[in-house]
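Heads up: the structure comes next, in structure tokens.
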């Protein structure tokens, strides 16, 4: 509704009525071959995360804060993958490259929100692991159901209010005649690069949001795991230390991939490297690989989730 009102009140600014998503730059002639692996990743992401939600919902033993966080991560994964993959597959299969301005800005906002939701959920999970390992006796009194809902409610409010500025500022730019985006989704930089007026405010806003949201999240995650590592190194029992590190390993692998790709994309964009395919491909993979990998990594590492999976699939 906000975007529609803004679109109507500023209709004179738009000389184009739609954008054209060109797909993967530099490989237009054979990019359709990417559709099969991308479709398989999307189906895997959907089925695996829906299965995680079913398991957590059905198994009373999994009605605990740690699994609530995992369920929230699964919902973010489903939302992120579904925001981009249907349109990408439509481009690759049916050459359906056009997207209205409103749809483009809505997709831009949804992508930012779901990525931020994943980031903030990783923060909550890192804090959960810190309390479980470093303050085990106080865990039941600190990490309660109330804490889970308050923490995620605060993060959702923070993300939605901060990130609404991204599509609003993009919608205020003047788009004169060029409407072809060398991308397969409506990225902020890809869209605003088509504007024929000063877009510095968009770039500044993007940098500020990256530092305040992603930067603060990453800082809290690093602090949490640094404190965990410090506590583990002080343990006298090698078995207990090994168990604690094993619990955190899967978290760290996924977090490392999540933030490393974001940093690489930012570097290639900010330095103006003449490799447009790389940031576009990384952007797409970053939005579909974690949703596919997250449930598998956590399910394989967690005994309770595996048992719940066997029950749901009637394997025991």
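Placed from the backbone N, Cα and C atoms, the Cβ positions cover glycine too.
Residues 245-265 are the range that Swiss-Prot records as transmembrane segment, among 182-202, 245-265. Segment annotation: Swiss-Prot labels transmembrane segment over residues 107-127 (candidates 86-106, 107-127). Both residue 234 and residue 266 carry topological domain labels in Swiss-Prot, but the labels differ, so the record puts them on opposite sides of the membrane.
Here the disulfide-bonded residues are 104, 196, and the one with the most other Cβ atoms within 10 Å of its Cβ is 104. The list of residues near the topological domain 'Extracellular' (83-106) in space but at least 6 beyond its ends in sequence, with Cβ under 8 angstroms from a Cβ of it, reads 3-4, 7, 14, 16-23, 31-32, 34-35, 38-39, 42, 114, 167, 170-171, 175, 184-186, 191, 284, 287-288. Residues 24-25, 38, 41-42, 44-45, 48-49, 51-52, 70, 73-74, 77-78, 80-81, 83-85, 88, 111, 115, 118, 182-185, 187, 250, 253-254, 257-258, 261-262, 264-265, 268, 306, 309 of the same chain, all 6+ positions outside the transmembrane segment (280-300), place their C-beta atoms under 8 angstroms from a C-beta of that stretch. Taking H, G and I as helix, E and B as strand and the rest as coil, DSSP gives the topological domain 'Extracellular' (83-106) the counts 18 helix, 3 strand, 3 coil. For the topological domain 'Cytoplasmic' (225-244), residue counts in helix, strand and coil come to 16 helix, 0 strand, 4 coil, using DSSP. Of the recorded ranges 107-127, 204-224, 245-265, the transmembrane segment (62-82) has the largest number of C-beta contacts under 8 angstroms with 107-127.
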